[in-house]
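Chemist: Grabbed the feature section from TrEMBL, which reads as follows:
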type	residues	note
DOMAIN	C:12-76	domain 'MrpA C-terminal/MbhD'
DOMAIN	C:115-179	domain 'MrpA C-terminal/MbhE'
DOMAIN	C:188-309	domain 'Na+/H+ antiporter MnhB subunit-related protein'
TRANSMEM	C:6-22	transmembrane segment
TRANSMEM	C:29-47	transmembrane segment
TRANSMEM	C:53-74	transmembrane segment
TRANSMEM	C:86-105	transmembrane segment
TRANSMEM	C:152-171	transmembrane segment
TRANSMEM	C:191-209	transmembrane segment
TRANSMEM	C:221-240	transmembrane segment
TRANSMEM	C:252-271	transmembrane segment
TRANSMEM	C:291-316	transmembrane segment
Amino acid sequence: MSFIVDYYNYWIVVFLMMAGFYIVISANNLVKKVVGLNIFQTSVFIMYISIGKVSGGSAPILADGITSYSNPLPHVLILTAIVVGVATTAVGLALIVRIKRAYGTVEENEFKDKDALI
Amino acid sequence: MILETLSTILLISGAFFSLTGAIGLFKFPDFFTRVHAASVTDSIATILIISGLILRTDFDLVAIKLLFILVFLLLTSPTASHALAKSARHGGLLTLAEIRDTQNKDNG
Amino acid sequence: MAELIDLVLLGMLAITALRIIFLKDLFAVVMLFGIYSFLSALIFVNLDAVDVAFTEAAVGAGIATVLMLGTLALTGRKEKANSHTALLPLLVVIVTGAALIYGTLDMPPFGDPENPANQHVAPRYIEESPQEVGLPNMVTSVLASYRAFDTLGETAVVFAAAIGVLSLLGLPKQSQATIESGLKSHLVLRVVAKLIIPLILVFALYVQFHGDYGPGGGFQAGVIAAAAIILYALVFGLPLATQVIQPKLLKILASMGVLIYAATGVAGLFFGGNFLDYNVLASDPVAGQHIGIIVIEFGIGVTVFAAILSIFYGFASQAERANIQ
Amino acid sequence: MLVLTATSVAILSVMALALARALKADTVYDRILGVNMVGTKTALFIAVMGFLGGRPDFLDIAIVYALINFIGMIAVLRFFEYTATDGEPGDKEQSS
């Protein structure tokens, strides 16, 4: 049981990462690919936060009567990564909107064939 | 001590009501009755659970934040449900009774 | 108890991700992605990362979902059937996944205080930052003081992303203000939105300036303030929103925020310290730290607010344009 | 403490049920209803969890949840009004 609790987080992280990866490489639709990228990204976030957790620790905000805190460093890294992640997602989605306008489709296999037309 | 007992009663009944709402989400036959089950129990469970938690604080900033959450949820949750039901109605979703009526007309 | 909640929530997360793979309706995919973000934020709360949960709930679940819906409105909501076979991707994923699972067995166990990651610089941050920087929230101390240079880079990235989106999509023009749009038929919604938007703005200010003592800070506050204007734009229509916060103003604000941040660093140089060294900003190092952190958090807040809102304006103006045509 | 644990377990199971509704919905509206319920229950769950962990000063996150959930709902409704002309949102979803 303790073996499962010790590694469960990492296994779920790997599962989510692979789910996101699968969506990215198998989906034709670009919006779905972006969703896949976001799933992948979130799994990395969970991995960092899992590493920073200390059993019996508490949130890293100073309070009376609490001696053990979780590691604040991964929190800082991931906090900024989330904001940057959404910013890059926005750029990706904006590109998709322009692709739709230029090619009339957001399916990967369809606009590949249209390259010759433009 | 009295506060604690009162808070226990409020929390347990709140948990009970939210469970009934979740069951209603599955058991009711059409969308509009399901909205009813979800939104009504949402409101009552929010009121009960948050007031149960307020009784457990020292009536400081935490209690004020809880009150803020309560006001916020009571404003937004029914509004969202109302807007959703209205949107579903405009989108052409029928109630179970109406579906039966049209079926009867078709048969008769 | 915390471990048990962790097990259940991660399980729910995995099921949601699995369902997303097989759904063809992109609208449903985006809805489930909203749930996915909410659940992961809940996991962050459970793993003591309150600041991260704050950001993920506001940014990941809110803004990303709104932007994806905006894109779907322009590109259509049905995914077409997949033409090529899914066998090769599946094989790649299974092999990679198996290798990674094998790799996790060498990881330190979950929650281990002896974990090397928790032994390097973390003890110093935990033990000395409350005295050195004088803030109870260690995450804010590390973010805005110890790793301020890093955060300057992140702020610049957000700014650059806003520029990228604007050069791709463009900002809405202000002259269209006569066009009626928004959720006209939802009267209840309009009244409640009017009540709530001021509350949200006040809450954003609270998050901005309380971030030193509790969860929060510039990133979160900027997003929440932008969310208030986004709500306004959704309910009352984009033309009205552009009259409240003008697109021109946003451009100025976005660059102002980054400038405020960088100027604080340069001010440190003038007073004889290093770049972004706040100790020299006042006679007392702790007071100097406090001034520096408040100023740069304000800069971050302004940039993030302006960047997120102009990104939203970019998407919304595209949608309006497609609507008129 | 026992009461708080029981309450959190109840809310967690409600969330699981609402999630199941959102994953396996007949119509789009049922899906949105499930998502909305997950959102409001999450806000409650965070409030209870703060008391359970002994640090109830993190309620700001619950406020953000309630707020973002509302904005998400409005965005969805706006999406419907917008796409109402091309395609019926009320129709059955196809999923493989």
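Cβ atoms are placed via backbone N, Cα and C, with glycine included.
Bear in mind that TrEMBL entries carry predicted annotations, made automatically and left uncurated.
These figures come from a predicted structure and were not determined experimentally.
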Chemist: In the domain 'Na+/H+ antiporter MnhB subunit-related protein' (C:188-309), how many residues does DSSP call helix, how many strand, and how many coil?
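Modeler: Secondary-structure composition of the domain 'Na+/H+ antiporter MnhB subunit-related protein' (C:188-309): 102 helix, 0 strand, 20 coil.
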Chemist: Considering only Cβ pairs within less than 8 angstroms, which of the stretches C:6-22, C:29-47, C:53-74, C:252-271, C:291-316 has the most against the transmembrane segment (C:221-240)?
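Modeler: Answer, by Cβ pair count: C:291-316.
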Chemist: Give me the mean pLDDT over the domain 'Na+/H+ antiporter MnhB subunit-related protein' (C:188-309), rounded to a whole number.
Modeler: 89
Chemist: As a quick check of your reading of DSSP, tell me how many residues in the domain 'MrpA C-terminal/MbhE' (C:115-179) are helical, how many are strand and how many are coil.
Modeler: 48 helix, 1 strand, 16 coil
